[in-house]
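*Asks:* Got a structure for you, written out below as structure tokens; questions coming shortly.
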Ligand code: GDP
Ligand code: IMO
Ligand code: MG
């Protein structure tokens, strides 16, 4: 039985949480494969809006088990808050949420190091969510990290102390003005670790292998988006993990030949939160309208998201790098009311027209070349079938399918679970 993937094709916040929640009824297991609490995945159903950071987005469904894979980094303090927010839903967390022993832990000092590094960078800052993601993955690849499985050992507090002491020396090295009370942060951390230890830790690669063998259906949930991938994103303005399809293999221990469908999610326009190049970014009324109508504020940090037209050069690249087999277009409703819709189909790159994503996409190198098409006025939010969609939107969808050579199987017309049109 193949493992399907669901991942973001832009700079994150495409609506992954919503679609995982919609698709969970078809799966036995939902498994997060990378990232950490830098993610904010929003789900809306029955009048409730819920934001998940580390916990997979299948958690509200009784039929599915949720796995936090080895590729994920876990902050026990944030994890505890997520668990607290789930209490009212009476979920059997011990059997429905399983955690890989190989997942790495975010320590309080990782968060401080993130802040020190960003402060030291000044204007060149990444715009990190400051959740300690970069420093934790640095310790992972530097072979210094602490893992969930370490918490089952007697000496984990000594290991913690040695690493935290080293981090304090590193924070001093940055020589920047950040204030903190480590003793207070540690009290919170140790209390949260005790709560984490009440959960079920597993050898997730073995669990997923056996599940596959016995015919269970698995959906791997990505965080962030392809353009934030550590290798293929707009480096250095990226996150510190592989957000693309290959990250699901390393982040879960699933062999490449076991990957089935690759479901790629994109917004009908583009957003980005944090720093870094964004060729189709708008600084005008259109961009302001997208942000306002689309309520484009970060689910984790509350920062306003930068908005712009759809960038097909970047989207094609993401489809290619991930081997996307199905596309899902989100937030089509936000574009209702625009007189015309623009799509970037090529770049003017240093005077030459190109259709691939070049090494440098900074504004001084790249000017987007747009195709313009007719907009639509209809409110889509109450529509429930593909036939009802306005002709101009149907043309937009056909145009994208032709350009990307992959079918669009879902059109999302609102944040709620039910506002999802299957094609
Ligand atoms: P994720 O990180 O990919 O899970 O996405 P986020 O939750 O960070 O951001 C997506 C935002 O758009 C959330 O506030 C969702 O509730 C909302 N959303 C998802 N799909 C739609 C849609 O089709 N239309 C509208 N208007 N909002 C949507
Ligand atoms: P979801 O899963 C949007 C961005 C940050 C910053 C850069 C690096 O909700 O789509 P980091 O905290 O990883 O060091 O930040 O990546 N970023 C996201 N942007 N959605 C996310 O996750 C993001 N996670 C990180 O804004 O630019
Ligand atoms: Mg998000």
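We number each residue from 1, going along the chain as drawn.
Backbone N, Cα and C atoms are what each Cβ position is placed from, and that goes for glycine too.
Unlike curated entries, TrEMBL annotations are predicted automatically.
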*Asks:* According to TrEMBL, 13, 14, 15, 16, 38, 39, 40, 41, 129, 143, 224, 303 bind IMP; which one of 109, 239, 244, 289 is listed for that same site?
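*Replies:* As annotated by TrEMBL, 13, 14, 15, 16, 38, 39, 40, 41, 129, 143, 224, 303 share the IMP site with 239, chosen from 109, 239, 244, 289.
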*Asks:* If you measure from the Cα of residue 305 (substrate binding site), which of the recorded positions 12, 42, 140 is the nearest?
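*Replies:* Closest by Cα: 12.
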*Asks:* Between residue 42 (GTP binding site) and residue 299 (substrate binding site), what C-alpha distance do you get in Å?
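*Replies:* Approximately 7 Å lies between the Cα of residue 42 (GTP binding site) and that of residue 299 (substrate binding site).
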*Asks:* Quick one: of the recorded positions 38, 41, 129, 303, 304, which has its CA closest to the CA of residue 15 (GTP binding site)?
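*Replies:* With Cα distances computed to residue 15 (GTP binding site), the winner among 38, 41, 129, 303, 304 is 41.
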*Asks:* What same-chain residues, at least 6 away in sequence, bring their CB to under 8 Å of the CB of residue 302 (substrate binding site)?
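*Replies:* Looking at Cβ-Cβ distances below 8 Å from residue 302 (substrate binding site), excluding near sequence neighbours, one finds none.
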*Asks:* Could you give the maximum C-alpha to C-alpha distance in Å for the residues 13, 14, 15, 16, 38, 39, 40, 41, 129, 143, 224, 239, 303 that bind IMP per the record?
*Replies:* 33
